[in-house]
Amino acid sequence: MFSTPHLDLPALDAAGGEVHLPGSKSISNRVLLLAALSAGTTTVHDLLASDDTRVMLDALRQIGCTVDEDGGTTVRITGLGGGAPRSPAQLFMGNAGTAMRPLTAALSLLGGEFELSGVPRMHERPIGDLVDALRQLGCQIDYLGNDGYPPLRIAHGQGVPPLALAEPIRVRGDVSSQFLTALLMALPLAARTQAIEIEVVGELISKPYIAITLQLLSRFGITVTHQDWQRFTIPAGSQYRSPGEIHVEADASSASYFIALGAIAAGHAGVPEGIRIHGVGLDSIQGDIRFVEAARAMGAQVTGGANWLHIRRGEPGQGWPLKAIALDCNHIPDAAMTLAVMALYAEGTTTLTNIASWRVKETDRIAAMATELRKLGATVEEGADFIRVTPPAQLADWKAASIHTYDDHRVAMCFSLAAFNPAGLPVRIEDPKCVAKTFPDYFEALFSVAHAATERIPVICIDGPTASGKGTVAAAVAQRLGYRFLDSGAMYRITALAALRAGLAIDATHESRIADMAKTLPVHFEGGRVLLGQDDVTEAIRTEEAGMNASRVSALPAVREALVDLQHSFRRLPGLVADGRDMGTVIFPGAPLKVYLTASAACRAERRYKQLISKGFSANIADLRADLEARDARDSSRSVAPLKPAQDALVLDNSDLTIDEAVEKVLAWWQERQPFAAPVAAQG
Ligand SMILES: Nc1ncnc2c1ncn2[C@@H]1O[C@H](COP(=O)(O)OP(=O)(O)OP(=O)(O)O)[C@@H](O)[C@H]1O
Ligand SMILES: Nc1ccn([C@@H]2O[C@H](COP(=O)(O)O)[C@@H](O)[C@H]2O)c(=O)n1
C-alpha cells in the first residue's frame, strides 16, 4: 500500500494483463456478522483484508467471538450461537457503514451495553431511520452526540426488553439500504417462535445490496421472502446455521476500475490484449456487476464467465472514443462513480441520475466528484441527485490536477483513471492510503497492468562521492514519493563479490568474463536483503573492502556496459530514485531532476566511521578518509562514466545539513518541477 502524502501518476498510455481482485467489502462484512451470530465455526475464505473488515473483526472479538486469522485471507469465526455477547463494550467502527449499521441492530437484539462510535465522518452519516425502527420494537438506544447520528449507546444491560413484533417493523428505504440490511440480519434472532414482517417506507434504493443480504442469509439457514421489495418476511423458527465454509467473491465495485481501464486504455506490444479480471464474473451476486452493462453502453467490449471478465477497448469509431450515456444509477451506486470518470473519455455529455445516496457516503460524493472533475478541465453540473459531465473540449483544456480524495477510497481509485488523459498530463492522488478501506493494494494492481512511455516515468538521480549520504537520502526521497529505489553501487559490489568468489581477479585481463557474469547475475532484492542466488550477501557487500573492490570492477568498461539494462529495468511505475556515480550523466541522462550530493572529506570520513562503529565494525577515521579519497580519485579519473556532476545537476553540499534537511531540499526541488501546486493540509 502507498502510505505517502500523495502519489503522482505519470501520464499512462496503455494497459494489458491480469488482475486478481480482493474480496467484496459488502459480502465480507455481512458474512463475518452472520458467522458471529451462528453456532459453531465458519471458515471464511478470500475475505477482504481492509480497514472496514478490520473494524468488524475487532468488534466481533470484543463481544466474545473467537476469531482466528491465518495472516492471509482466511479467517475462522466461532459464533455466539444464541449466547450472550460480552458486555459492556466500546466498539470503534471507523468509517465502516457495513459494520456500524448491522452491528447496531444485531447488538440491540442480543442484549448488553454497548457504545458504538467512529471517525468524525461516521458521526455525520445518518443512522436515525434504523434507530427509529429499533426503538419502534422497544429497544433502548441513546444518541451520544447529535440526534440521528453515531455515536450511540445500546442500553440493554438488563437484557433485551420485550419486543413489539406483532406489527410490521417499518423502516425507511430511500436513504440507505443498509438500514434494511441491518434489520434483516438482526431480526432472525427474534424470530424463533413467530414470523416477523418488515415494511419498507419509501422507494427502496440499492436493491442489489438487499439481494446480496438475502442470498447470504439463505447460506446461513434463513429464508426471507419479499413482496416487490417493499415487505419482507422472516419465517418463524429462524435459527442461524453456519455453512461451515464460505468463499467471498471478489469485489464487483473494485472491478469497475479495471473494467473502465480496459475500456479506455489502448493495448501495447508485449502484453496480452485487454484486461482480464479474476474472482468476479457475470454470475456475481453483487449488484455492481451490472456496471458491465453501463461500460458496454459506453463502448467497452466485455466478455466473461462465472468468475472472470475480459475487457477490451472498442475499435476507433466503434466504442472508442467512448459514448456518452444517460443512466439511472440506482442499481450501481458505488460503481457509478467510475462512470463519472469514464465520461472524461466520452464524446458528449454523460448524465448520471438517481444518485442522491452519494451525498451520505464516505463524503458528499456528488460534490467531491464535481469539484475534482472540474480540476481536470471537465464541465460539470451537479444537482441533489445527479451529476452531468462534459469532457474538456480540446487537448489544451485538460489540466494537471492534484486530486483531493476526502478520505474516500472510491474517489482515489476512480480518479487514477484520469492519468490516461490524451494531453499526457500527470495526475496527483492525495492521501492514496485511503484505498485501504476496500483495496489496500489498488495502486500496485494498477501499476501491474498499466503502461507509461519510459520517458514519462520520472527518475530522480542522486550522484556523488563516497559516503556523501546518497543512499540514505535517495532511499528516504523514494519512500516519501512512493517511488522505487535503485542503489546502483550495490550492482558493482555484487559483481565484484561474484567475480572474486568465482576466482577471477578484478583486472583488465578478466574484463570480458566478469562482464559476462554481470549480465546474468542471479541477484534478487527482497525486503531490504540482497540475495546472490540462494546466498544472502547483504552484509558481505557492505564492507569497506567490498566498496573498494566495487570501485575496481566499475572501472572496467565492459562491466559497466553489462549492467546498463539491469539498471534501466528499475525505471518502472510510478517512478524511480536512483543513487550512484553516473545516474545523471550516463544511465538516465534525460532525468528531470539530477542532484549531485557532496560533503567535505572530513565530514564523510566521520559519517562512515560512525556508520561502521554502529554496525560493530572496528574502524579508524584517518584510514577511512584515505580510503574514500582513493576511491573517489579512482571513480573520478576512470575513462568511462567518471564520477562528476551532470551538467544540469543541482549541487547540494550537505556537510552542515541533517539527513532530514537534505531530504526536504531534494523534495522541494522535485516539487518545483511538478505542474501541481504544493500539497496543502488535508481538508474534510
Ligand atoms: N546529512 C546527512 N545526509 C546523509 N547522510 C548522512 C548525513 N549525516 C549523516 N549521514 C550518515 O552518513 C552515512 C553514509 O551515508 P550513505 O551510506 O547513505 O552514503 P553513500 O553516499 O550512499 O555512501 P556510498 O557511496 O558508500 O554508497 C550514513 O550512516 C548516514 O546515516
Ligand atoms: N553508478 C555507480 C555506482 C557505483 N559505482 C562504483 O561502485 C562503488 C561502490 O558504490 P557505493 O555507492 O555502493 O559505495 C563506487 O565506489 C563506484 O566505484 C559506480 O561506478 N557507478
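Backbone N, Cα and C atoms are what each Cβ position is placed from, and that goes for glycine too.
The domain 'Enolpyruvate transferase' feature in TrEMBL is assigned to 17-446.
As annotated by TrEMBL, 3-phosphoshikimate binding site applies to LYS25, SER26, ARG30, SER176, SER177, GLN178, SER206, ASP334, LYS361. Taking Cβ-Cβ distances under 8 Å and a sequence separation of 6 or more, the neighbours of GLN178 (phosphoenolpyruvate binding site) in its chain are GLY97, THR98, ARG101, PRO102, LEU130, TYR209.
Taken residue by residue with DSSP, GLN178 (phosphoenolpyruvate binding site) is part of a helix. Summarising the annotation, TrEMBL assigns phosphoenolpyruvate binding site to LYS25, GLY97, ARG125, GLN178, ARG365, ARG410, LYS437.
Residues annotated as active site, proton acceptor in TrEMBL: ASP334. ASP334 (active site, proton acceptor) falls outside any helix or strand according to DSSP and counts as coil.
Look at TrEMBL and you will find 460-669 tagged as domain 'Cytidylate kinase'.
The ATP binding site annotation in TrEMBL covers GLY464, PRO465, THR466, ALA467, SER468, GLY469, LYS470, GLY471, THR472. Long-range neighbours of SER468 (ATP binding site) (same chain, six or more residues apart, CB within less than 8 Å of its CB): LEU597, THR598, ALA599, ARG604, ASN654.
In this structure, THR472 is the one among the binding-site residues SER177, THR472 with the smallest number of other Cβ atoms inside 10 Å of its Cβ. Around the Cβ of GLY464 (ATP binding site), the number of neighbouring Cβ atoms within 10 Å comes to 29. Under 6 Å, Cβ to nearest atom of ligand 1: this is the test, and of the binding-site residues LYS25, GLY97, LYS470 it is passed by LYS470. Within the set of recorded positions ARG30, ARG125, SER206, ASP334, ARG410, the entry lying nearest in space to LYS470 (ATP binding site) is ARG410 (CA atoms). The shortest Cα-Cα distance from LYS437 (phosphoenolpyruvate binding site) to any of the recorded positions (LYS25, SER206, ASP334) is found for LYS25. Across the annotated binding residues for 3-phosphoshikimate (LYS25, SER26, ARG30, SER176, SER177, GLN178, SER206, ASP334, LYS361), the two most widely spaced Cα atoms sit 18 Å apart. Checking each of the recorded positions ASP334, ARG410, THR466, THR472 against ARG30 (3-phosphoshikimate binding site) by C-alpha distance, the shortest gap belongs to ASP334. Taking the C-alpha positions, the distance from SER206 (3-phosphoshikimate binding site) to ASP334 (active site, proton acceptor) comes to 10 Å.
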